[in-house]
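A.B. asks: A single structure is presented below for examination.
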Amino acid sequence: EEPVLLAELKPGRPQRYDWKSSCETWSVAFSPDGAWFAWSQGHCVVKLIPWPLGEAELGCKTSERKSRGGKVETRSRGAAKEKTLECGQIVWGLAFSAWPAAEDGDMDPACAVGLPCLVLATGLNDGQIKVWEVQTGHLLFSLLGHQDVVRDLSFAPNGSPILVSASRDKTLRVWDLSRDGRQVQVLSGHVQWVYCCSISPDCSMLCSAAGEKSALLWSMRSYTLIRRLEGHQSSVVSCDFSPDSALLVTASYDACVIMWDPYTGEQLRTLRHVPLHSTLDSSSEIHTSSLRSVSFSPEGLYLATVADDRLLRIWALELRSPVAFAPMTNGLCCMYFPHGGFIATGTRDGHVQFWTAPRVLSSLKHLCRKALRTFLTTYQVLALPIPRKLKEFLTYRTF
């Protein structure tokens, strides 16, 4: 079943000769509870949109949204209102996190006592990270330390206030928002711009991808380098962990996605992006299948990838060929809705598109594997007194 385009949101056009900001949608994000969508629509603006979209937007395929001179634009939908965040710089990275429940005298007064707050971190062109409270649109923190573009952001998925940022200054930085955004660690090891960072769902590991042929895997407990993942033939630009932390995927300009066991460093399989058409210009200096983004589905059985050959691909983990394609132009990023069924993609034109994604009823076998792998490492599985074939299944060597 091919993905169907449900809606496409387009930003208002900038002033004709305004070269101070770019229009690319470098990042899109859904909040962990699925109630909000963040869209870095270019021109230094982030739109916070209540989810699901209104019927009018889903009914018509496109919707123009325009910023009006820095005013906060709101649209009521129950208690939630759409907001425009004026970031003052080109926005490259976005990440949501649920703020921990506040105690009397603790945390930021912007959060009501006893109620969790949803926050959005934005990585900016000048190296700043601005952290916003979603319900009010108020700025909570400006985190300073990076010397160049903050390309990507990742919050610890367990709800802790730990934020990791990846920058063109070739470093990753770890911030603790519960300590007024204090910088707690600088991770150095890359020799090129860092494009992407991803924290494993069990919060034990961090993967980072830069303009290098290897990705780096770090410990989130000691903030030390665990290993280099070497296997790509060109720059690694995107990475993501499976929901049970048992798998890691990396996407590269070499037109391949490699699926790794992050505990052993073993390559489990390679997904190659083969052009659909033979009429492509073979003399082109840039491979038309160069990958831009990879994202795991929330149940852990599918992947979505965006490449320069103008296709969104959906892959099933057990197969080496895509199970579905959708045509999209100038794609830069993709992300699954946290409850499944949708994929959001961002483009160089500043657009964001919402696609249907395969809905799957996980088998009991997969649910059991996912539950076990949430708290068992590969080495712990291999040490279990169980048959070899069961070990292979639990470690994703077989499906």
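Quick reminder: no glycine exception, Cβ is built from N, Cα and C everywhere.
On a predicted model such as this, the values are computed, not experimentally measured, just so you know.
Features from TrEMBL:
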- 363-399: domain 'SOCS box' (DOMAIN)
- 120-142: repeat 'WD' (REPEAT)
- 143-178: repeat 'WD' (REPEAT)
- 187-228: repeat 'WD' (REPEAT)
- 229-270: repeat 'WD' (REPEAT)
- 284-318: repeat 'WD' (REPEAT)
A.B. asks: For the repeat 'WD' (187-228), what are the DSSP-based totals of helix, strand and coil residues?
C.D. replies: 0 helix, 24 strand, 18 coil
A.B. asks: In the repeat 'WD' (120-142), how many residues does DSSP assign to helix, to strand and to coil?
C.D. replies: 0 helix, 15 strand, 8 coil
A.B. asks: Could you give me the DSSP helix, strand and coil counts for the repeat 'WD' (143-178)?
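C.D. replies: Its residues fall into 2 helix, 19 strand, 15 coil.
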A.B. asks: When the pLDDT values for the repeat 'WD' (143-178) are averaged, what is the result?
C.D. replies: 93
